[in-house]
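Beneath this line is the structure, given in structure tokens, with notes to follow.
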Amino acid sequence: QDAFVAFHVNKVLVSKYLKPLQIGELAPDQPSIEPTKNEMLVKDFRELRATVERMGLLEPNQLFFFLLLAHILLLDTAAWLILFYFGTSLLPFVFSLLVLTISQVQASWLQHDLGHLSVFRKTKWNHLLHKFVMCHLIGASAKWWTLLHSQHHAKPNCFHKDPDIDMHPFLFTLGKKFSVELGIKKKKYMPYNHQHKYFFITLPPLLFPTYFHCHTFYIAYTKKYWLDLAWMLTFYIRFFYTYGSLLETKTLNCLISLHRMLESSWFVWVSQMNHIPMDIDYDKNLDWMSTQLQATCNVEQSLFNDWFTGHLNFQIEHHLFPSMPRHNYWKVAPLVKSLCAKHGLEYQCKPLLTAFADIVRSLKDSGELWLDAYLHK
């Protein structure tokens, strides 16, 4: 299946585990593709994937990723040096906070690359550096991220299958269909008709400091990710030792809280601009390309947009080829557009600010649909 091919880089290794699972071959008169899937689109996408492999677009440029890591480490060091040389008054504190936040967000984009095995040719090197960046530089579990993010990629925007939309219905109501269903059932966990307003003070600033912070430790502990937990502790030891030598306890807690809130806001706006405004539904068991196109959209390319979003402005290409190094997304984009045009699939690409505004717009529309259904006699 296309999902299996997309996720597994080392086909020789995984084939060893597949052999014992084989129970037989399909009869010659049996279709190899389910009726819910577009057979011609599946064929054309697999040809596109073969073309991508021949063009070498799955091969990483390790200098590119080395420079990314170097600029993250430089910013991380600079954040501490600002306080060390210029003191801990308000202005140096603010500058240090901003530099630290930039470093952390850029580390989040790099760990995303490593988690998708797109930085090194060898899987083990991706896993090793993933633990360094995610656990030591950020303070979260690499295995926790892989567990959740793989589910998201397999079934994006599919209710009960994509953990990224688990905020429905307890915090927000998402998608037209589910909002109407919730209203008809007279369910009201939150004042959804105001969700486009309270979104600003809930999910963006609080996702990292509250839910993610607790959930990563909870999963790492319950699933016995002991190595990840050990790596994660090194982040907190390093952070509190280095900054604790310069700041009082109250100011230190303020620094880590504010930087987590800023980091969270940056991450949420970027990650949700590609998915929340798109179709959200139950799993329809569509083919790989249709599934990804319905749930993702792109943001226009620019040097700033590429850096600011960690190249997640190419969300369509990333979802179709999750193990592709991000520096090659722009090369495959014209081929993806062409295939979309051939099969009548919508390829959405919008300006960055429009993408942000669409998050709020889609939440407002969903809230109004819920209210109409809720009040309907």
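Keep in mind that glycine also has a Cβ here, set from the backbone N, Cα and C atoms.
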Checklist entry - Which one of 65-84, 225-244 shows up in TrEMBL as transmembrane segment? => result 225-244
Checklist entry - Restricting to the same chain and to residues at least six past its boundaries, which positions have a Cβ under 8 Å from a Cβ of the transmembrane segment (198-218)? => result 140-141, 144-145, 167, 171-172, 190-191, 229, 232, 257, 260-261, 263-265, 267-269, 272, 359-360, 363
Next on the checklist: Below 8 angstroms Cβ to Cβ, which residues of this chain, lying six or more residues outside the transmembrane segment (225-244), approach it?
Outcome noted: 80, 83, 131-132, 135-144, 216-217, 219, 252, 255-256
